[in-house]
Ligand SMILES: Nc1nc2c(c(=O)[nH]1)N[C@@H](CN(C=O)c1ccc(C(=O)N[C@@H](CCC(=O)O)C(=O)O)cc1)CN2
Ligand SMILES: [Mg+2]
């Protein structure tokens, strides 16, 4: 048996095309050009690639993408002032601070300071709270991209046992919240899951994963999840992006998963591209909401 490959790259391109059409319509209706500002502190090579890809994706969708590059030795006060300035700038609709920040900067304080109306990553406590209550404004980009992927491949989630491996604020926790909700961005079929939120200290992790109809792997450990840990026919969503020598691998051993699962996301070309597509969608939503207040 060989599983179906869930093509995140193609799905992201389709979503980006839909967003580009939405932007064209919004501007034709008299709306402002949506504007996303990225803040990149330091020289982390992967972060530089991701920010560049976000800028390019903005451009192609008709969204203005601005970038503030700050040196790695930027102090907290300077970064906080930049966020305050961007919050106050009426031409800016979305603000994202690329993570991780260099050591010494207080990530939480920075994210807390972003105006929730411009918080297109959905990392601010206000937007996390809305998600927790089942009435999100912005959806966190990676989890929302995964929901879109499942929906577009007609993989039903309702009533299924989803094991999310990894409890990060960016992926694991919001993923669990989205899937356990009574309704979701693509309707109730992609919500209403029974969710287990597992992590590095979960006892008998392999046994827990083996119970899953759908596994979302976001632990950041290269190929930690093996084929033998999967229930035959499971759907495997691999969020991991790990560099091993010159190879890029996920948190799941892809070749083994392909032999056991019914559907698997590749790395690269799975979840990653969807994260960027969903960011564009949030930026357009922010622009529409801010414009409707003016
Ligand atoms: N402010 C944010 N910081 C970070 C986020 C985020 O959503 N907001 N997520 C990650 C990084 N990230 C986006 O910022 C991101 C990671 C990976 C990809 C992607 O397309 N990956 C490719 C592989 C690319 C490669 O060669 O490295 C893929 O999976 O096909 C997009 C976005 C942490 N920080
Ligand atoms: Mg991927």
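Every residue gets a Cβ built from N, Cα and C, even glycine.
The feature NADP(+) binding site is assigned by TrEMBL to 166, 167, 168, 241. Look at TrEMBL and you will find 6-121 tagged as domain 'Tetrahydrofolate dehydrogenase/cyclohydrolase catalytic'. What TrEMBL lists as domain 'Tetrahydrofolate dehydrogenase/cyclohydrolase NAD(P)-binding' is 140-289.
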Counting only residues 6+ away in sequence within the same chain, which have a CB under 8 Å from the CB of residue 241 (NADP(+) binding site)? 46, 248, 250, 267, 268, 272
Local confidence of the domain 'Tetrahydrofolate dehydrogenase/cyclohydrolase NAD(P)-binding' (140-289) - pLDDT mean: 98
Looking at Cβ-Cβ distances, which residues of the chain lie under 8 angstroms from residue 166 (NADP(+) binding site) while being 6 or more apart from it? 172, 198, 199, 216, 217, 218, 219, 220, 239, 251
Taking only the binding-site residues 166, 167, 168, which have a CB closer than 6 angstroms to any atom that belongs to ligand 2? none
Does residue 168 (NADP(+) binding site) have same-chain partners at least 6 apart in sequence with Cβ under 8 Å from its own Cβ, and which are they? 218
I'd like the number of other C-beta atoms within 10 A of the C-beta of residue 167 (NADP(+) binding site), please. 18
